[in-house]
Amino acid sequence: MTTDIGSTPTESAQTSSASSNPPTTHEGIRSWVEQVAELTQPDRVHWCTGDDAEWEQLTQQLVDSGTFTRLNPEKKPNSFLAQSDPTDVARVEDRTFICSVDERDAGPTNNWMDPGEMKALMTELYRGCMRGRTMYVVPFVMGHLEAEKPMFGVEITDSAYVVVSMRVMARMGSSVLRRMEETDAGFVPALHSVGMPLEPGQADVSWPCNDTKYIVQFPEERAIWSYGSGYGGNALLGKKCYALRIASVMARDEGWLAEHMLILKLTSPQGVVKYVAAAFPSACGKTNLAMLAPTVPGWKVETLGDDIAWMRIGDDGRLYAVNPEFGFFGVAPGTNQDTNPNAMKTIDIGNSVFTNVALTDDGDIWWEGLENEPAHARSWKGDDWTPDSDELSSHPNSRYCTPIKQCPILAPEYDDPKGVPIDAILFGGRRKTTIPLVTEARDWAHGTFMGATLSSETTAAATGAVGVVRRDPMAMLPFIGYNAGDYFNHWIKMGKEHDAAKLPRIFYVNWFRRDEDGGFLWPGFGENSRVLKWVVERIDGQAEATETPVGHVPTPASLDTEGLDMTDEQLEAALRVDVEEWKAEIPQITEWFEKFGDDLPTVLWTELDGLKARLGD
Ligand SMILES: Nc1nc2c(ncn2[C@@H]2O[C@H](COP(=O)(O)OP(=O)(O)O)[C@@H](O)[C@H]2O)c(=O)[nH]1
Ligand SMILES: C=C(OP(=O)(O)O)C(=O)O
Ligand SMILES: [Mn+2]
């Protein structure tokens, strides 16, 4: 087998071994690649350079194979639309496993299987699974290559769609490989296959995948095995699998935090800068808040990240956050010039991959909620679509994958490996009732309680029912790589071991509360800047709040509502702490906490007791 760097993979010959001429001196990578090639039997091995020529080759190859449609370059230059298999459109939480050595370490919120058993099972799935395909080797780094300790990974995949998407989402390719060689760096091995080998003469399909899917993390080994899906969250292994599940385990061991959080920079009219991190479950508004266009005059938001934050205590005792990613993998429907103008500007530059949105007759993309509804389009399923169609043009979890560098409001600090000191952490979810627009925690332990009891209605970002309220601690339910009881303890410990005055203040937000008619009480999007302003003013000791049983809630007058199209009653309803609604939460929280048995920090029981007492139970 030849290994080709940069040359068209389809041109390279087959046969012999993958290791005949691997273009790396890194022994660890060489031997792992050799071993995987031996097992999976690809026709060829391609070491990814990450350069433009490779992008061109691979995107053209994907066009030729029918996976990609090239978009009209006048509308979206160098951009492509992929239509997935209709069964492979979201993360598969029921197929996601934390295979710790000890079952106890996976905890009650994760699927677990013995690592030996899982490996035996998956080794059989992987055996010969790349036959007829190219095996791509993608060296990547999450976070900065210039970081004090760069966080390397190598993804092996048989999907060119994954390679192209990884190039957008992570720093990858030759420069990363060179650095790994120079330092003989350790790395997270991340193995991915769509699980659809091609027998000689067998025609490929446009979106190969397998009904059998496994998304597996081996936390002690820091390794990832993924099989059967091509969807982003299941297949771009640097993102959810590494930067959250594996990194959360590293963070526990090393005393930092790997969180499902956006990072934004907020500048007041007086030029005072604050940095905010916010954790919302998938499809609950992270990307939108990260790129918010403030409606409050004089305030400015700049973006650092939209999905993941790695946070470490700096020399000055403050909590510094970096975004380990290099692109956005955003939910398309609902994104438009009004709700998220900065996302629109980012994708309009091009160099993007869209998955499961509609194709207009003039070669552009369209989705529900976007302006200029077309009279006719090709739906995500490839069918004729018109505004009268019963079906949606785009899958609710359809995505755009676009380079972060194209974001017009990218904060310059994005390129600083040191990160930015976080002033406020927001937790939030989708709740029709109960949860006020914004509540400030009394202290770190109370904030940890808010995070640990965070609840949200399920969304289309994962397979399964949509709209069901579930606990989603710190918006990390599908992403905590270990026992969630230990994770809560880790949060509590961070508060105890560091100077509380220097840690971020914690808030709980809900943009999704409804009125009796089912409409959103709060207009959301750019108007969320009013809440950010209140948060900053609380930190600076300027804004008033009402002390309620659940925390500090704005007095209606303390929230800047100038120019806001909302009645006093609506505002009051958005901010209301309804004691009866909260009392109804208590048994749910109790049941949730009981899941963790002795592993739940007692501080959280104390917080719950305090809440019950304040509610007058
Ligand atoms: N009502 C309302 N919807 C929002 C708000 N922010 C985001 N959304 C919608 O929620 C969905 C997911 O948003 P997104 O920012 O992509 O979520 P992420 O997956 O957490 O990054 C999109 O359909 C958005 O239009 C908001 O403030 N109010
Ligand atoms: C990237 C994903 O999540 P989010 O909706 O948080 O962006 C995902 O669900 O695969
Ligand atoms: Mn997002």
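All residue numbers here begin at 1 and follow the chain in the order shown.
A Cβ is built for glycine as well, from the same backbone N, Cα and C atoms used for every other residue.
Please treat TrEMBL annotations as automatic predictions, because they have not gone through curation.
If you look up TrEMBL, you'll see 1-24 marked as compositional bias 'Polar residues'. The region 'Disordered' annotation in TrEMBL covers 1-27, 377-397. Marked as domain 'Phosphoenolpyruvate carboxykinase GTP-utilising N-terminal' by TrEMBL: 32-252. Annotation source TrEMBL lists substrate binding site at R91, Y231, G232, G233, S282, N397, S398, R399. Residues annotated as Mn(2+) binding site in TrEMBL: K240, H260, D307. The feature domain 'Phosphoenolpyruvate carboxykinase C-terminal P-loop' is assigned by TrEMBL to 256-614. As annotated by TrEMBL, GTP binding site applies to A283, C284, G285, K286, T287, N288, R399, R430, F525, G526, E527, N528. Under the heading active site, TrEMBL lists C284.
This view paints the features noted in TrEMBL onto the structure.
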residue : record                 : CB count, 10 Å
Y231    : substrate binding site : 26
G232    : substrate binding site : 24
G233    : substrate binding site : 25
K240    : Mn(2+) binding site    : 26
C284    : active site            : 25
T287    : GTP binding site       : 24
N397    : substrate binding site : 24
S398    : substrate binding site : 27
R399    : substrate binding site : 28
E527    : GTP binding site       : 19
Assigned conformation of F525 (GTP binding site) - DSSP reduced to three states: helix
In sequence order, those binding-site residues of R91, G233, K240, E527 whose CB lies under 6 Å from ligand 1: none
For the domain 'Phosphoenolpyruvate carboxykinase GTP-utilising N-terminal' (32-252), the mean pLDDT of the predicted model: 98
Protein Cβ atoms within 10 Å of S282 (substrate binding site), excluding its own: 24
In sequence order, those recorded positions of Y231, C284, G285, R399, E527 whose CB lies under 6 Å from ligand 2: none
Neighbourhood of ligand 3 - binding-site residues from R91, Y231, A283, R399, F525 with Cβ under 6 Å: none
Residues that sit under 8 angstroms from D307 (Mn(2+) binding site) by C-beta distance, when 6+ apart in the chain: K239, H260, M261, L262, K286, T287, N323, E325, F328, F329
DSSP helix/strand/coil residue counts for the region 'Disordered' (377-397): 0 helix, 4 strand, 17 coil
Among R91, H260, the one of these binding-site residues whose Cβ has the fewest neighbouring Cβ atoms within 10 Å: R91
When distances run from the Cα of N397 (substrate binding site) to each of the recorded positions K240, A283, C284, G285, F525, the nearest one: A283
C-beta crowding around A283 (GTP binding site), within 10 angstroms: 23
Under 8 Å by Cβ from F525 (GTP binding site), counting only residues of that chain that are 6 or more apart: N288, L292, D338, T339, N340
